[in-house]
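Copying in the features that TrEMBL gives for the protein in this structure:
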BINDING   Asn67, Gly170, Ser171, Ala172, Gly173, Thr174, Ser258  pyridoxal 5'-phosphate binding site
DOMAIN    4-281  domain 'Tryptophan synthase beta chain-like PALP'
MOD_RES   Lys37  N6-(pyridoxal phosphate)lysine
Amino acid sequence: MSILDNVGNTPLIRLNSFNNKNIFGKLEAKNPMGSIKDRAALNMIETAIKDGKIGPETTVVEATSGNTGIGLAFVCAVKKIKLRIYLPEHMSEERKKILKAFGTQLILTPKEKGLSGSVTAAKEFAISNDAFYIDQFNNPANAMAHYISTAPEIFRDMKGEIGGVVCPIGSAGTITGIGNFMKAINKEIKIIGVEPSSSPTIKSNITAPHKIQGIAPGFVPGIYNPKVVDDIICVSDEEAYEMTRYLAKKEGLFVGISSGASVAAALKLNISKPIVAILPDTGERYLSVENLFNV
């Protein structure tokens, strides 16, 4: 058995401290590298290999806010594929150290250019060096990873009793894959996105700096399917941070900032049936983030 065989089948946990809400958390920190992006990374690499886009000498290139890069790093390590990652310099130190641990070529791009700057640099390198650009924001295999794994797991574990699924939006792979699956089965299941209040790019066409690492890249990803999204809830940086701390102290869940945003958004919904909040990653990736856990 390979470490890759352990991607997916993560726990679905009832959040017991919200007495007036029936909320479950999909604990993606239980993937091998601690985030939901392990699913997308594995499917994007295996699809590219199957399609003949990655060979023995191919260098894989990607722009990421961290988790996709880490997922790609461990998949590429197992498959002996060279990997080059472009990362905004203001992402957490844990992300940078983990990527380097896998032998990844890590290039940091200016903070003021955001993730868009990393995307531009990654594309330019891929074109000029005949490398394969993963392009998670436009890669159908990203969303398909959640259509074939995350969504069926949720439906199975909830026995179909789902009022809504809450997904923080980064590359939009999770919300699109889950939305496509759930709406094909039951159009009454609400698919809810989460964006920062200060940067609701999809909801309000506003892009600005925010502190919820891993979501809201500052543009609308090509794979985003608005037809399967019922609403987008905006959450402030403060709400996300506060809920992240709350989940650790009251639920025993040490998760990342976007997980806090996900649960904060779920609490704003008026849905009678059970709600599933995607908890994208582990809190260990954010220990160095100022004013998160050290307050």
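Quick reminder: no glycine exception, Cβ is built from N, Cα and C everywhere.
Keep in mind that what you see is a predicted model, and the values were worked out from it rather than measured.
Would you situate these features in the structure and describe their surroundings?
Of all the Cβ atoms in the protein chains shown, 28 others lie within 10 Å of the Cβ of Thr174 (pyridoxal 5'-phosphate binding site).
Looking just at the domain 'Tryptophan synthase beta chain-like PALP' (4-281), the mean pLDDT is 97.
Non-local contacts of Lys37 (N6-(pyridoxal phosphate)lysine) by the CB criterion (under 8 A, 6+ apart in sequence, same chain) comprise Asn67, Thr68, Ile70, Gly71, Pro280, Asp281. Classification of Lys37 (N6-(pyridoxal phosphate)lysine) by DSSP places it within a helix.
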Count the other Cβ atoms sitting within 10 Å of the Cβ of Ser171 (pyridoxal 5'-phosphate binding site), across every protein chain shown.
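Other Cβ atoms within 10 Å of Ser171 (pyridoxal 5'-phosphate binding site): 28.
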Could you name the residues, excluding Asn67, Gly170, Ser171, Ala172, Gly173, Thr174, Ser258, of the same chain that surround the pyridoxal 5'-phosphate site, i.e. Cβ within 8 Å of the Cβ centre of those residues, in sequence order?
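Result: Ile36, Lys37, Ala40, Thr68, Gln136, Cys167, Pro168, Ile169, Ile175, Gly214, Ile215, Pro280.
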Translate the DSSP assignment of Gly173 (pyridoxal 5'-phosphate binding site) into the three-state scheme.
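In three-state terms, Gly173 (pyridoxal 5'-phosphate binding site) counts as helix.
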Out of Gly170, Gly173, which of the binding-site residues has the smallest number of neighbouring Cβ atoms within 10 Å?
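Comparing Cβ neighbours within 10 Å for the binding-site residues Gly170, Gly173, Gly170 has the fewest.
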Just to verify: the residue among Asn67, Ala172 with the fewest other Cβ atoms within 10 Å, which of the binding-site residues is it?
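Ranked by other Cβ atoms within 10 Å, the binding-site residues Asn67, Ala172 bottom out at Ala172.
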Sort out the sequence-distant neighbours of Ser258 (pyridoxal 5'-phosphate binding site) for me: same chain, 6+ apart, CB within less than 8 Å of its CB, listed by position.
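Set apart from Ser258 (pyridoxal 5'-phosphate binding site) by at least 6 residues yet with Cβ under 8 Å, we have Pro168, Gly170, Val194, Ile212, Gln213, Gly214, Ile215, Ala240, Pro280, Asp281.
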